[in-house]
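The structure under discussion appears below in the form of structure tokens.
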């Protein structure tokens with residue numbers, strides 16, 4: 001260390017240490033302020049969550065609220081206007097049975113609407129890229145070539161060949177009986193249908209509750225309709241039909257609502273009873289996947305061959321756990337599900353993003369060189385000690401532009417003879433160009449040399465002295481290069 005330089009070095013070292021040591025001390029406080037996010041907040045499907053992710057529904061919930069209003073209003077009118085009269089005239093068991101049916105209907109409805117129907121998690125970017133490469137190899141195409149459309153796998157279930165289709169949105173091969181819901185934008189295991197009346201998909205995890213809901217609602221609708229008619233008949237026997245309607249106007253509204261809804265509800269319950277007894281889904285029945293019209297060899301491989309067994313499996317079997325941890329916390333290194341690309345390979349997309357990043361780094365590196373060259377090169381010392389000057393390392397330059405090979409510089413139009421120049425000739429020129437910015441020896445750019453990132457660089461303490469015409473021409477060329485780069 002040269003004498004007298006201890007003070008500046010200490011200041012430099014102190015400022016450098018204080019700059020780097022302050023950032024780690026601030027990071028823990030910043031992390032404490034940021035609350036941990038749960039997975040339901042970044043769920044890729046079109047769903048709505050309530051109660052911190054405990055309740056999961058579809059976004060289209062308008063018809064669900066209509067279902068709630070119809071059930072609550074009809075049942076409330078029945079308990080308020082019909083049950084008091086029927087409990088006195090017939091039996092107190094009528095309001096008790098109606099209450100049990102009502103609570104059972106509401107419980108199964110909410111259980112169906114608020115639960116996970118069996119959503120399958122989407123593939124992560126790494127899983128999707130690996131699967132895309134497997135498909136490319138299986139189809140005999142390279143990553144940049146055209147891939148033929150068939151994306152299916154075939155599995156054998158109880159002697160029946162079942163095709164597994166590839167989902168371009170979830171980036172997975174759907175398991176048997178699974179399908180993608182276009183409204184919720186999720187692949188649902190054992191997908192039955194999307195029911196707007198319950199505001200959710202009906203799948204493997206909530207099908208039994210859906211069936212119990214429509215079955216109990218059928219009993220409740222028939223029960224209310226029957227005893228509303230009984231109430232009107234008993235009153236009409238005492239005071240006449242018109243007076244009976246005037247005494248209990250709510251009974252008319254209940255009878256109309258029940259009359260128009262009982263047929264569809266009872267019919268839907270009967271249809272799903274048939275599906276359960278044959279171990280089918282609504283989706284399979286509509287598509288005719290296991291229809292007898294396709295031949296005797298086309299049979300349902302999921303049926304146990306016994307109606308009682310099929311019903312027990314559908315209604316009394318164990319409920320599979322949810323495959324999406326919607327209330328779990330997001331880890332910093334947890335990969336997010338892959339975004340849909342409509343058939344474009346993730347490998348190609350990742351490669352193109354890497355190429356764009358490399359191009360941006362190269363452009364930034366070239367900008368640094370041109371910005372340094374744009375400043376006129378003037379130095380008060382008229383001595384020349386080296387033919388090669390080294391460019392100081394830039395901390396922002398990274399791979400793949402870590403090594404820069406600079407082309408040979410364009411010789412100026414006129415080069416002054418340094419042997420004949422004197423200090424008296426140089427100083428007036430310096431005074432004439434006070435508007436220019438002068439470079440220190442450490443900031444001067446170097447002539448051509450392969451510079452490796454991270455290697456120690458030796459800096460020359462002497463510079464070439466250029467003439468006025470050379471400085472102006474170099475300045476103009478550098479400005480043109482910067483203008484061209486800014487348009488990239």
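Cβ coordinates are placed from backbone N, Cα and C, and glycine is handled just like the others.
Look at Swiss-Prot and you will find 1-60, 111-208, 277-488 tagged as topological domain 'Cytoplasmic', backed by a curator's inference. What Swiss-Prot lists as transmembrane segment is 61-81, 90-110, 209-229, 256-276, and the listing cites sequence analysis. Summarising the annotation, Swiss-Prot assigns topological domain 'Lumenal' to 82-89, 230-255. Among the features that Swiss-Prot reports, domain 'DHHC' is placed at 165-215. For 195, the entry in Swiss-Prot reads active site, S-palmitoyl cysteine intermediate, with the evidence type sequence analysis. Positions annotated as phosphoserine by Swiss-Prot, on the basis of a large-scale study or a structure entry: 455.
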**Prompt:** Where DSSP helix means H, G or I and strand means E or B, what are the helix, strand and coil counts for the topological domain 'Cytoplasmic' (111-208)?
**Reply:** 21 helix, 29 strand, 48 coil
**Request:** May I ask which residues of the same chain, at least 6 positions away in sequence, place their Cβ under 8 angstroms from the Cβ of the residue listed as 'active site, S-palmitoyl cysteine intermediate'?
**Result:** 112, 201, 202, 210
**Request:** Sort out the residues at least 6 away from either end of the topological domain 'Lumenal' (82-89), same chain, that have Cβ-Cβ distances under 8 Å to it, and list them.
**Result:** 95, 98, 227-228, 230-231, 234-235, 248, 250-251, 254
**Asked** Taking residues 6+ outside the topological domain 'Lumenal' (230-255), which of them lie with a CB under 8 Å of any CB in it?
**Response** 74, 77-78, 80-82, 85-86, 89-90, 224
**Item:** Helix, strand and coil totals (DSSP H, G, I; E, B; other) for the topological domain 'Lumenal' (82-89)
**Value:** 8 helix, 0 strand, 0 coil
